[in-house]
Amino acid sequence: MFPFYSCWRTGLLLLLLAVAVRESWQTEEKTCDLVGEKGKESEKELALVKRLKPLFNKSFESTVGQGSDTYIYIFRVCREAGNHTSGAGLVQINKSNGKETVVGRLNETHIFNGSNWIMLIYKGGDEYDNHCGKEQRRAVVMISCNRHTLADNFNPVSEERGKVQDCFYLFEMDSSLACSPEISHLSVGSILLVTFASLVAVYVVGGFLYQRLVVGAKGMEQFPHLAFWQDLGNLVADGCDFVCRSKPRNVPAAYRGVGDDQLGEESEERDDHLLPM
């Protein structure tokens, strides 16, 4: 009796465990399934999906049209949009009747990028009724670089359905995640300034140590070439005077002075005619 009871308990536990695992698997949220066999996806695409991970928990909406032709587009990055049962990454909802159309699904995701943009494509949407050879819909989301926002400005751009095949819905969105990493580098002026400051520091410290340890100087005399720096102002003034002046400083006078001994006695009658009569 005991072996049978033990087997029955073990079987019940295994059954409950299987049900729990199944429920957990069903409730687990779907994510992007890149094109290609499992484990053989492009490493570049996997890196781009990881790069967009901060957007996984965000949902984006945009409303277009008017009246009975008003549609709401709901988009999520590598997460289910809409009713969470169709595996859709982007859906279209007719506002007048609430009909939901899957534009693209997560299980057919393709992603690539350029210098300042990322292109996310969801394929496998609901089939067209009369357009594009009744092929499945496809969503193309162009994520452009905008360093001032994590994600914003999700808007539909156009729907290309005038072709026999390869039709698509085009959307755009801004995100800082699409921007290339900023490469910080010093300008030429900064490099020269750093170099000059380094040379000055080496000169002052090295000269100070030399004056103190080798020469045995004390106080202000430890500063290297102290006499030169004290007289620098005069040297600069002399140099400016030499460069800027066009004539020598001591120019001989163009006239010669007359001494008192060379002056004759003036006649007192010279101005008599100016006196009033």
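Residue numbers in this text run from 1 along the chain shown.
Heads up, the Cβ atoms here are built off N, Cα and C, so glycines get one too.
Here Swiss-Prot flags 1-26 as signal peptide. The annotation topological domain 'Lumenal' is assigned in Swiss-Prot to 27-185. According to Swiss-Prot, the feature domain 'MRH' maps to 30-181. The disulfide bond annotation in Swiss-Prot covers Cys32-Cys78, Cys132-Cys167, Cys145-Cys179, and the record cites sequence analysis as its basis. The N-linked glycosylation site annotation in Swiss-Prot covers Asn57, Asn83, Asn94, Asn107, Asn113. The transmembrane segment annotation in Swiss-Prot covers 186-210. The topological domain 'Cytoplasmic' annotation in Swiss-Prot covers 211-277, and the record cites sequence analysis as its basis. Taken from Swiss-Prot, the feature phosphoserine applies to Ser267, supported by similarity to another entry.
When the CA atoms are compared, the recorded positions lying within 10 A of Cys32 (disulfide bond) are Asn107, out of the candidates Asn57, Asn107, Cys167. Residues belonging to the domain 'MRH' (30-181) score a mean pLDDT of 90 in the model.
Residue pair Cys167 (disulfide bond) / Asn113 (N-linked glycosylation site) shows a Cα separation of 21 Å. Looking at Cys145 (disulfide bond) and Cys132 (disulfide bond), their Cα atoms lie 32 Å from each other. Candidates Asn57, Asn94, Asn113, Cys132, Cys179 (recorded positions) were compared with Cys78 (disulfide bond); those inside 10 Å Cα-Cα are Asn57. Asn107 (N-linked glycosylation site) sits 16 Å from Asn83 (N-linked glycosylation site), counting Cα to Cα.
For Cys179 (disulfide bond), the nearest neighbour among the listed recorded positions (Asn57, Asn83, Asn94, Asn113, Cys132), judged by C-alpha distance, is Asn113. Spatially, by CA atoms, the recorded positions Asn83, Asn113, Cys132 include one closest to Asn57 (N-linked glycosylation site), and that is Asn83. Cα of Cys132 (disulfide bond) to Cα of Asn83 (N-linked glycosylation site): a distance of 26 Å. In three-state terms derived from DSSP, Cys179 (disulfide bond) belongs to neither a helical nor a strand segment and is classed as coil.
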